Amino acid sequence: MNKYLVPDSGLTSLSAAELAEKIHSREVTSREVTQAHLDRINDVDGTLHAFLHVGVEEALAAADAVDESLDKGEAPASALAGVPLALKDVFVTTDAPTTCASKMLEGYVAPYDATVTKKIREAGIPILGKTNMDEFAMGSSTENSAYGPTLNPWDIERTPGGSGGGTSAALASGEAPLGIGTDTGGSIRQPAALTNTVGVKPTYGTVSRYGLVACASSLDQGGPTARTVLDTALLHEVIAGHDKYDATSVNRAVAPVVAAAREGARGDLKGTKIGVVKQFDREGYQPGVLEQFHKSVEQLTAQGAEIVEVDCPHFDDALAAYYLILPCEVSSNLARFDGMRYGLREGDDGTHSAEEVMSLSRAAGFGPEVKRRIILGTYALSVGYYDAYYLQAQRVRTLIAQDFAVAYDKCDVLVSPTTPTTAFKLGEKVSDPLAMYNFDLCTLPLNLAGLCGMSLPSGLAPDSQLPTGLQIMAPAFQDDRLYKVGAAFEVGQK
């Protein structure tokens with residue numbers, strides 16, 4: 001038995017929906033559930049390092065408030081009231097540091113809560129703490145954290161993925177039943193695949209980015225993670241919705257994701273057309289990953305789905321376009337971290353000019369990958385290169401969105417492997433940025449188009465006995481399709 005994976009029994013072994021039912025029926029208290037997860041964190045996180053900050057008193061106080069309300073006979077604040085959660089350390093919180101895993105923000109406590117944080121609190125969900133990540137969400141392994149890497153509970157010599165590896169590791173180890181992450185090019189879906197959990201990137205604009213420390217504003221999207229499709233849907237409904245404080249927030253009804261998950265749990269996919277993306281089913285991927293993907297497609301067929309092959313030719317250019325657009329936005333967004341207003345300040349001894357203080361602060365505060373992307377973005381946006389690089393990448397982005405539109409004329413959802421390989425060893429790709437970037441091949445086209453996607457467990461790869469993920473992709477604002485197909489697939493896996 002792997003002691004770092006979810007225990008076989010006890011409160012930390014249960015799904016969020018099961019825990020909510022027990023709490024709301026008063027079979028157990030929210031304090032008991034929250035304490036059980038805090039104890040689990042205490043037991044295993046010294047090794048896994050999924051959390052950067054654990055708020056014991058704050059979590060228990062929130063749990064006590066839920067218990068007090070339920071004991072008075074009041075209705076639960078939400079379907080998940082009382083069930084604790086792990087929050088990626090990129091959402092600002094007034095009662096805990098928000099570091100984005102960077103020395104630049106070490107010890108920084110925000111004066112306000114992110115909208116997602118606020119919605120979680122209003123739903124009666126205790127926040128266990130803030131989880132580890134790649135610095136400013138830049139990376140695919142959680143090795144770029146200034147505070148050390150997170151280890152994969154399935155094999156502690158391997159990465160849990162990134163940038164949100166801390167949240168996924170917390171779920172996979174039973175440290176938390178629910179999690180919130182962000183997805184810029186796969187940072188929710190990719191760690192979910194490597195840790196055998198469920199992660200969803202909602203349609204861009206449907207979950208508020210107010211209070212989310214920006215990496216690349218046109219790509220970033222907060223989203224839910226959990227160990228089951230239903231749990232993920234329940235959390236999705238909590239955090240989604242229009243927000244007047246976010247200029248990119250879309251004012252439209254939230255997709256009926258919970259109803260879709262319950263419908264999909266019947267396991268019947270008759271009448272559903274599922275597209276297999278030709279560009280994501282090819283040689284070069286780990287054989288065990290492709291084998292599990294082909295088994296997944298066979299299972300979907302057995303459940304009644306009609307499978308069609310779709311061609312998305314511009315997906316081959318997605319990686320290059322993404323790694324031009326993202327650094328350009330990073331270069332702009334991270335200009336605010338200058339050592340003058342908040343965060344790390346170096347050289348503030350009266351002997352340095354303001355410009356020198358800024359330079360010293362940024363040199364000391366940012367890690368190598370963040371510096372690399374700032375330099376790339378600044379170069380691509382400079383005079384003489386803007387048209388040749390940035391505008392060209394934006395044109396490719398438009399073509400990728402058109403590829404998706406053509407594909408969805410033929411099918412309801414698309415499927416692919418979530419990652420080209422299973423979890424890789426710690427340190428294996430750190431010195432080779434291109435190899436690390438290639439790990440996002442399957443996930444980043446979705447972000448460029450602003451659509452929605454899910455990764456869910458698709459079995460262990462025969463050649464490595466490590467988790468693989470099936471990625472499901474749906475059109476904008478059709479997030480419920482993810483949950484219907486995902487829940488059906490999940491049932492078929494059992």
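Cβ coordinates come from backbone N, Cα and C, glycine included.
Swiss-Prot lists Lys88, Ser163 with the feature active site, charge relay system, giving sequence analysis as the kind of evidence. What Swiss-Prot lists as active site, acyl-ester intermediate is Ser187.
Every protein chain shown contributes to the tally, and the Cβ of Ser163 (active site, charge relay system) ends up with 34 other Cβ atoms within 10 Å. Lys88 (active site, charge relay system) and Ser187 (active site, acyl-ester intermediate) are 11 Å apart (CA-CA, integer value). For Lys88 (active site, charge relay system), the Cβ neighbour count at a 10 Å cut-off comes to 32, with all displayed protein chains included. Each residue contributes its Cα atom, and for Ser163 (active site, charge relay system) and Lys88 (active site, charge relay system) these two points are 10 Å apart. Within 10 Å of the Cβ of the residue listed as 'active site, acyl-ester intermediate' there are 37 other Cβ atoms, across all protein chains. Reduced to three states, the DSSP call for Ser163 (active site, charge relay system) is coil.
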